[in-house]
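K.L.:
In case it helps, TrEMBL gives these features for our protein:
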type	residues	note
TRANSMEM	B:25-44	transmembrane segment
DOMAIN	B:30-466	domain 'Cation/H+ exchanger transmembrane'
TRANSMEM	B:56-74	transmembrane segment
TRANSMEM	B:86-102	transmembrane segment
TRANSMEM	B:114-138	transmembrane segment
TRANSMEM	B:150-169	transmembrane segment
TRANSMEM	B:176-199	transmembrane segment
TRANSMEM	B:219-241	transmembrane segment
TRANSMEM	B:262-287	transmembrane segment
TRANSMEM	B:307-327	transmembrane segment
TRANSMEM	B:366-387	transmembrane segment
TRANSMEM	B:408-427	transmembrane segment
TRANSMEM	B:439-461	transmembrane segment
Number of protein chains: 2
Amino acid sequence: MGLLGLGAVLKSGGGLEVSDYDAIISINIFIALLCSCIVIGHLLEGNRWVNESTTALVMGLLTGGVILLVTNGANSRILVFSEDLFFIYLLPPIIFNAGFQVKKKQFFRNFMTIILFGAVGTLISFVIITLGAMGLFQKLDVGPLELGDYLAIGAIFSATDSVCTLQVLNQDETPLLYSLVFGEGVVNDATSVVLFNAIENLDIGHFDALVLLNFVGKFLYLFFTSTLLGVATGLLSAYIIKKLCFARHSTDREVSIMMLMAYLSYMLSMLLDLSGILTVFFCGIVMSHYTWHNVTESSRVTTKHTFATLSFIAEIFLFLYVGMDALDIEKWKLASSRYLLLSINDFRFKGLDISTYTTYHPKKPIALSAIILGLVMVGRAAFVFPLSFLSNLSKKERRPKISFKQQIIIWWAGLMRGAVSIALAYNKFTSSGHTEVRVNAIMITSTVIVVLFSTMVFGLLTKPLLSLLIPPRTGPNTSALLSSESVLDPLLTSMMGSDFDVGQPSPQYNLQFILTAPTRSVHRLWRKFDDRFMRPVFGGRGFVPFVPGSPVERSAPDNQLGTVTEAENS
Amino acid sequence: MGLLGLGAVLKSGGGLEVSDYDAIISINIFIALLCSCIVIGHLLEGNRWVNESTTALVMGLLTGGVILLVTNGANSRILVFSEDLFFIYLLPPIIFNAGFQVKKKQFFRNFMTIILFGAVGTLISFVIITLGAMGLFQKLDVGPLELGDYLAIGAIFSATDSVCTLQVLNQDETPLLYSLVFGEGVVNDATSVVLFNAIENLDIGHFDALVLLNFVGKFLYLFFTSTLLGVATGLLSAYIIKKLCFARHSTDREVSIMMLMAYLSYMLSMLLDLSGILTVFFCGIVMSHYTWHNVTESSRVTTKHTFATLSFIAEIFLFLYVGMDALDIEKWKLASSRYLLLSINDFRFKGLDISTYTTYHPKKPIALSAIILGLVMVGRAAFVFPLSFLSNLSKKERRPKISFKQQIIIWWAGLMRGAVSIALAYNKFTSSGHTEVRVNAIMITSTVIVVLFSTMVFGLLTKPLLSLLIPPRTGPNTSALLSSESVLDPLLTSMMGSDFDVGQPSPQYNLQFILTAPTRSVHRLWRKFDDRFMRPVFGGRGFVPFVPGSPVERSAPDNQLGTVTEAENS
């Protein structure tokens with residue numbers, strides 16, 4: 001349903017009205033493309049190299065190319081990239097679903113490491129990319145960039161896109177890796193957006209310790225209040241549904257309330273100038289721990305799949321969009337123009353033909369992109385290995401440590417840059433949707449190249465790299481286990497069952513749990529608290545009032561629900 | 001997810017950007033209101049008089065009032081009513097869900113009567129309201145109205161809103177009534193929109209037999225091509241899902257494809273200048289007959305409830321919106337202005353304060369509304385009773401005829417005017433969202449009054465009227481049966497089972513079916529055709545390839561799904 005927001009772009013970005021005939025054509029093409037992506041993505045599922053995201057990117061590029069040809073190079077995009085579309089419509093369902101479907105046990109077991117990677121790591125990466133850009137960009141004749149621009153570049157390219165990797169990683173085969181990469185991805189998204197906003201509001205003039213302290217304080221404030229708001233909204237939804245006991249017959253009401261409250265948490269967070277991403281992520285976690293258990297069986301199936309579907313559509317939409325946007329000829333021309341600081345309007349004003357003043361070889365953006373990609377790789381290496389070392393040091397003897405091979409995978413998994421980077425780059429380097437000044441055009445173009453290259457090339461190499469570093473287990477089911485189809489029940493099991501409850505460890509972890517008493521006792525304390533205070537009020541597994549014949553009492557719900565794979569989509 | 005379109009209004013109507021702080025406030029208020037409506041609607045469920053729609057209307061009015069007070073009478077609306085919002089975002093889910101959840105057996109059994117009421121009846125009502133308005137409006141000093149305006153008024157007030165009645169009617173208790181009112185409602189919506197569009201394109205100058213013939217031809221063309229497009233899209237979705245056999249593990253893909261294709265059918269129809277309402281309605285019917293049976297168990301539960309939920313939210317949104325819009329003070333002032341043909345801009349241009357030129361007594365719109373309400377009642381009576389007579393005449397001896405009491409209920413059920421009327425009125429009587437000329441303001445205001453009055457007063461009286469005309473059956477379950485909670489399984493049964501299949505009549509109808517051979521043989525022919533040609537290609541119940549352990553094979557799905565009531569929401 002991400003496509004419902006489509007009209008918004010059509011209106012805000014392109015200045016079109018939906019009643020406009022052109023806009024209806026665009027919506028039709030877009031929906032048809034979305035359908036094709038899903039069908040092609042499905043047909044190529046056997047193929048180890050591609051997935052829906054790559055398909056959508058390629059389809060976007062192809063469509064952009066066709067439109068370029070049809071309109072004689074006048075326009076490649078059906079829609080103009082709109083930051084609002086991204087932050088108001090596409091991002092919330094993706095992040096909420098991430099929180100809703102996360103394996104909470106793993107997530108909270110590795111909470112400290114995830115925060116270390118996601119927050120501290122992103123900051124390290126940010127510093128390195130900023131410094132590197134300041135040092136290296138000078139040599140290219142890019143144009144005048146200020147300190148604020150360099151800081152923004154650091155934040156923009158610190159935002160990872162782990163979706164591609166997660167489509168390859170298997171939550172069962174490599175639970176530790178999966179939760180680390182996944183958790184880091186979400187915290188990283190939030191961190192870079194918070195960072196970016198903090199930079200935008202920063203007074204660059206006098207940069208001293210006080211400003212830095214202020215910055216850190218604001219960062220922590222945003223982090224905790226955002227989380228709190230998400231938890232509060234989630235609990236409120238659980239309380240409302242439990243208290244009103246929405247009868248056993250109003251699935252629509254339950255689902256509506258869950259959807260609306262989830263979205264409300266995000267919008268409230270934006271209203272209070274907090275980080276909507278963190279809020280909606282924690283709202284998703286709380287909703288899956290409490291609210292989800294208070295609703296009827298049908299509501300559970302429905303919400304689970306609806307949220308996954310919305311997230312799925314939003315992602316494809318996004319990649320399609322990025323692919324289409326990559327061929328925006330006007331930006332490319334401007335980026336390779338010989339004139340600095342000239343805007344397209346200048347050309348128009350002087351009645352000059354922009355083509356005669358530009359060369360079509362996009363050398364500069366490509367050089368810039370190469371530098372940025374190098375910085376991204378260095379910046380990521382600079383925190384993954386040291387922080388993994390730190391994390392391993394702090395761990396009790398027999399808890400699983402992060403092996404060197406796993407460190408390489410974590411490093412690799414965070415190299416992809418995605419929609420968050422693009423959205424932030426547009427926010428920084430455009431004015432009202434059009435990239436008019438050359439240096440801005442170059443930065444946007446470079447961002448698109450980095451995103452395309454990292455998603456397609458790094459993304460394609462992930463599967464081979466993985467099977468090289470983690471040799472598939474022997475046995476008849478090996479290939480099936482590595483493929484995405486095998487992620488059948490674990491997500492559901494985690495939702496139906498053992499969330500937060502480390503008191504019931506799976507057999508093979510038994511020994512470890514006895515030895516890792518501290519972590520375990522925190523979990524045990526939490527569980528006691530949860531059982532004594534939280535669940536009686538907010539509901540949750542086992543705390544839903546008994547209704548004779550209610551679907552909750554029915555057996556084998558795992559089986560009915562467990563026929564789906566969300567991991568590959570979320 | 002109707003709320004996703006919210007940004008669109010904010011942008012198109014009010015000229016606001018979503019990144020605007022005000023817009024974020026509006027979205028928050030709106031979502032919070034939607035949640036409150038659902039909760040309050042639930043709390044009042046025991047109450048026989050109100051439902052979510054009425055709650056939403058009242059909440060909208062109250063919120064409008066509060067905003068009026070807070071802003072000192074400057075503005076009552078958070079959002080400006082946008083026709084695009086209505087036709088692009090809110091209407092499609094409502095109508096699609098109507099088609100998706102309809103009891104197809106009843107619908108097709110009474111197909112001729114439904115078409116008679118929905119198409120011919122609407123035309124009769126249209127003629128009477130138009131003629132009545134031409135005769136009666138002259139006496140009020142409304143302003144200059146042309147023939148085209150009168151024709152438009154006829155079309156606007158021929159569009160019924162049966163949602164309220166359907167929330168009271170019981171699909172089990174009164175299957176004939178339910179299917180007639182429901183079916184008529186959908187065909188009526190489509191007819192009035194097609195009628196309205198045909199009038200807009202009509203050359204009023206020389207109105208002769210040729211123009212009329214042209215008009216009828218266009219009407220029939222729109223009707224059939226729209227239906228065909230909907231059926232084709234539905235079949236395509238069934239074919240894609242069956243052919244690709246989307247694995248048993250990709251619920252997200254299946255649900256995405258169904259959602260996207262449904263929306264695509266609507267947008268394609270708009271692209272081809274057909275009636276999107278008819279298209280998406282028939283697309284819904286075909287999808288529930290074929291596509292729905294080709295997907296996994298989880299997808300079935302998910303789509304069923306997701307579509308119902310989206311429709312539910314869209315409806316509440318709509319009523320909230322109408323309630324809020326009703327208190328638009330600027331329109332009221334203008335409508336009671338002493339100056340004809342003066343626009344608000346005229347006042348502003350001349351630097352005059354509009355308040356000094358207006359009186360606050362909205363006599364004129366109220367008088368006009370009373371006339372229109374009278375015409376609506378007469379216009380409806382003028383076709384319900386004669387057409388029921390006709391329909392009864394054509395029926396075989398022992399088929400159930402439409403009794404006089406039932407005719408009264410049918411007449412009453414169509415008296416409510418709703419969102420379609422408002423949307424058409426805005427389309428006709430506004431230019432770019434603002435009602436500037438006085439006569440236009442009066443017409444909009446009158447439409448809002450008619451909608452409010454008919455929805456609230458007629459709507460509230462429906463339940464008492466029903467229990468007066470159809471005395472509740474005796475027995476322990478009587479009260480439960482009359483309440484909305486009782487509509488448990490029939491919807492689902494109709495989806496799981498006997499759709500289209502009149503060859504398996506329920507016992508009490510056995511005799512009738514033997515006697516009504518012609519109708520039955522048409523059904524039998526269809527069923528043969530369906531079984532031999534359609535289902536093998538497009539899937540459907542019993543024609544999904546056997547997959548061991550697939551959820552399709554599991555028993556008692558009715559039970560799992562049957563815990564929901566959609567009738568009250570759709």
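Positions of Cβ are set from backbone N, Cα and C atoms, glycine also.
Tell me about the setting of these features in this model.
P.N.:
Only residues 6 or more beyond the boundaries of the transmembrane segment (B:56-74), in the same chain, are considered here, and those with a CB under 8 A from a CB of the stretch are 29, 33, 36-37, 40-41, 315-329, 452, 455-456.
If one looks beyond the transmembrane segment (B:366-387) by at least 6 residues along the same chain, the residues whose Cβ comes under 8 Å of a Cβ in the stretch are 113, 116-117, 120-121, 124-126, 128-129, 132-133, 136-137, 140, 142, 153, 157-158, 407, 410-411, 414-415, 417, 442-443, 446, 449-450, 453-454.
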K.L.:
Do any residues of this chain, six or more beyond the ends of the transmembrane segment (B:262-287), have a C-beta under 8 angstroms from a C-beta of it, and if so which?
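P.N.:
Distant Cβ neighbours of the transmembrane segment (B:262-287) are 87, 91-92, 95-102, 104, 107, 186, 189-190, 193-194, 222-223, 225-227, 229-231, 233-235, 237-238, 307.
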K.L.:
For the transmembrane segment (B:408-427), what are the same-chain contacts with Cβ under 8 Å, counting residues 6+ beyond its ends?
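P.N.:
Same-chain residues near the transmembrane segment (B:408-427) but 6 or more away: 81, 83, 86-87, 90-91, 117, 152, 155-157, 159-165, 169, 177, 180-181, 184-185, 188-189, 192-193, 196, 318-319, 322, 325, 376-377, 380-381, 384-385, 388, 402, 443-444, 447-448, 450-451, 454-455, 458-459, 462, 465-466, 469-470.
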K.L.:
Counting only residues 6+ away from its ends, which parts of the chain sit with a Cβ under 8 Å from the transmembrane segment (B:176-199)?
P.N.:
95, 98-99, 102-103, 106-107, 109-111, 113-115, 117-119, 121-123, 126, 148, 151-152, 155-156, 158-163, 165-166, 169-170, 215, 218-219, 222-223, 226, 275, 277-278, 281, 400, 402, 406, 409-410, 413-414, 420, 424, 427-428
